[in-house]
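Shown next, in structure tokens, is the structure this report addresses.
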Amino acid sequence: MSFRDFLRFIVLAALFATPFIALVVPSSMFFPFITGKNFTFRILVEIALGAWILLMFIDAKYRPRFSWILAAAGLFLAVIALADFMGVNPYRSFWSNYERMEGLVAHIHLFLFFMIAGSAMATEQMWKWFWRTSLVVSLLIATNAYGQLVGWGAVHQSSNRLDATLGNSTYLAVYALFHAFLAMFLFFRDKEKHPRAAFVYPAIALVNVAVLYFTQTRGAFLGLVGGIFLALLLAALFDREHPERRKYAIGGVLGAGLLIVAFFVWKDAAWIQSNRTLGRIADISLSDQTTQSRFMIWNMSWEGFKEHPILGWGQDNFLYVFAKYYNPKMWQQEPWFDRSHDVFFDWLIAGGALGLLAYLSLFGAALYYLWFKRPRHFTVIESGILTGMLAGYFVHNIFVFDNITSYLLFFAFLGYLHTLHSETAPAASPTHSHKKKGRQEEELGMGDLAVAVFIVVALTAGAVYLLNVRNIKANIALIDAIRPESILVDGVNGQKEIALENVLKLRLFGTGEAREQLAQLTLQTADSRVPEEVRRRFLELTVSEFEEDIANDPTNVRTISFMATIYSRFGLYDKALAYYQKSIELSPNRQVAYLDLAQLLGVMGNFAEAETAAHTAHELEPAYPDAAMTYAVMLIYQKKFDEAEKILSGFSDSPTGYDGRVIRAYGNNQRYDKVVALVNEKIARGFADGQDYFLLAGAYSGLGDNVKAAEAIQKAMEVDASLKAQGEEMLKQLVGGK
């Protein structure tokens, strides 16, 4: 094997290994479904890059060639790089974090993958083998998914939505969508040359469609249906070369249209509603809670875009937009969003109008070659299928965001089109290459080649280590450091040290997540049962880390909120107060900060200001139960009982009006009659637990009725056996107090 062939083998081996990253799930890593795949992909690309650079030195035919897809991909990378460096947090935009593993570094690798694949896999046949490899991997993943379906394996995200080795049903859905269309594309591509073997492809397509169906992912399912309909429509309109095939396409369009209409006519039928996937699709409406939340997030994104319309905020900076333009009606959703849950709004935020246009240019360039240059390479049905695939992907992206597996398939597809349509440079033509081959090797010389190999190998090894290996080690160290048995480790002086401190000293891109894990552990130590020295050391380390983080990133509301909570739990109320106020200043519509502030002010005995903070939270969204309850509690402590009852009357059919904090507030203000009334009502409605009977006992005791108090204590022990010791002690005190 010549050195040229050896380099080519390395490049192709790395490229053909990339489809297998979908199977990578290292259990020893933090966010294993994300980090393992991304680090593996990056290492493969870096190895391929080193070999490709040397290959280009030796043989000009492997050098990049022009296509409008290459131009679009280069423009996209340039725009987002500019947006990231001019954004709110360039470091975060470049590196991202373990949870997402995107950022500029990911897109540089994707661009390099596109370039290398588009240059090294220089023939149609080679690309067919790449797609076949990916289809085989899709079958392995489908096998894993079907194992989850029959109960042989655990579903990671929810109880019944398949996610296989991708760890997320939406990621699996779009992965299956790509492979369903690719399988049908290869069927039409190969059926003339291999008529018998080609029929394997429809079977693979059906396997992937079934996987998509059982993920219950509405966006991907709509994308699949829309993509199939579009592919049939394009064939019906333009496949004049095959009249028979065109008739089938027309029939398919009509049949698909009738099925879609029939589905929406019967969407309320029991057989549809009882089906998990069909029921989820039938329930899509503008009033649906998920739909409403999407509209609210998209509106926040639009407001953020208007603030930075040209180049946006930089990648991975939606958190700042979410905090600044938070919609109070989002109280039913998770507290933090780091994505718009729409790829197009994501790029509006990350790269502004230029970023979104650059991203859309990738689709535009692909469609240009699929249709305007179609006769050179594709039949109408083949172009239609690939267009349907792009359309399905596009529709799916309206509802979620990308991940490494969908990016890989998309950029591989772009690389495939680039290979077929790139303009061949004179040096790349077989004849010219043959004429120059000997002269090139003479000009390069063994000495020059040895130097080039040494430099490239050194740079590749350095990149693999600096960008991946040390970050992988830090990631594994992080998850080891938060295991209960290894939170504290032996230090150099024989004293126990906080394991996370060693991870934090590395100052790599996972530092932010390591700090949040430290904060969670520190909050757990805010307990009198934890030794004072341990509490002190956790608090000092956390304060030091978060103060540094806030100094470097003073508008990150999430970090500021963590710091406020830490100070509050450890009784450092003045410092906590300052951070809560800073959080409110940066995110004035986020009720949680007002509620936390109200609780803190209440503990400090400043019920007047606590009432004001709680009132603001309640006014932002009166339907938010926790805000109403907190406001009512602060009113009770202000002896404004009528106002409190008026607030709580709006929640008479929910547990809010009978919340333990409301009942305790009445008890602490000697309104034992209200405690008795509320607890008895809570019991009648089936909301009560053992602790409520203890509250009832206290109220009866306050009213001087120790008989009923004793009965309530006995009932508490009956309802919750774990309260027996506490109940018996209360009975002794009750008898002793007579």
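Cβ coordinates come from backbone N, Cα and C, glycine included.
The transmembrane segment annotation in TrEMBL covers 7-33, 39-58, 65-83, 103-122, 129-149, 169-188, 197-214, 220-237, 249-266, 347-371, 383-401, 449-467. Positions annotated as domain 'O-antigen ligase-related' by TrEMBL: 204-360. Here TrEMBL flags 557-590 as repeat 'TPR'.
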- Message: Pairs of Cβ atoms less than 8 Å apart decide it: which stretch in 7-33, 39-58, 65-83, 129-149, 383-401 has the most with the transmembrane segment (220-237)?
- Response: 383-401
- Tertiary contacts of the repeat 'TPR' (557-590) (same chain, 6+ residues out, Cβ under 8 Å): 319-320, 323-328, 336, 512, 515-516, 519, 522-523, 526, 535, 539, 542-543, 546-547, 549-550, 596-597, 600-601, 603-604, 620
- Task: Go through the chain and flag residues at least 6 beyond the ends of the transmembrane segment (103-122) whose CB is under 8 A from any CB in it; none is fine as an answer.
- Result: 8, 11-12, 15, 18, 38, 41-42, 45-46, 48-49, 52, 55, 61-65, 67, 69-70, 73-74, 76-77, 80-81, 84, 92-96, 130, 315-316, 404, 407-408, 411-412, 414-416, 418-419, 422, 467
- For the transmembrane segment (197-214) and the transmembrane segment (169-188), check the count of CB pairs under 8 Å (sequence separation 6 or more) and say whether it reaches 3 or more. yes
- Message: Can you tell me which recorded stretch out of 39-58, 65-83, 129-149, 169-188, 449-467 has the most Cβ pairs within less than 8 Å of the transmembrane segment (347-371)?
- Response: 65-83
- Across the repeat 'TPR' (557-590), DSSP yields 27 helix, 0 strand, 7 coil
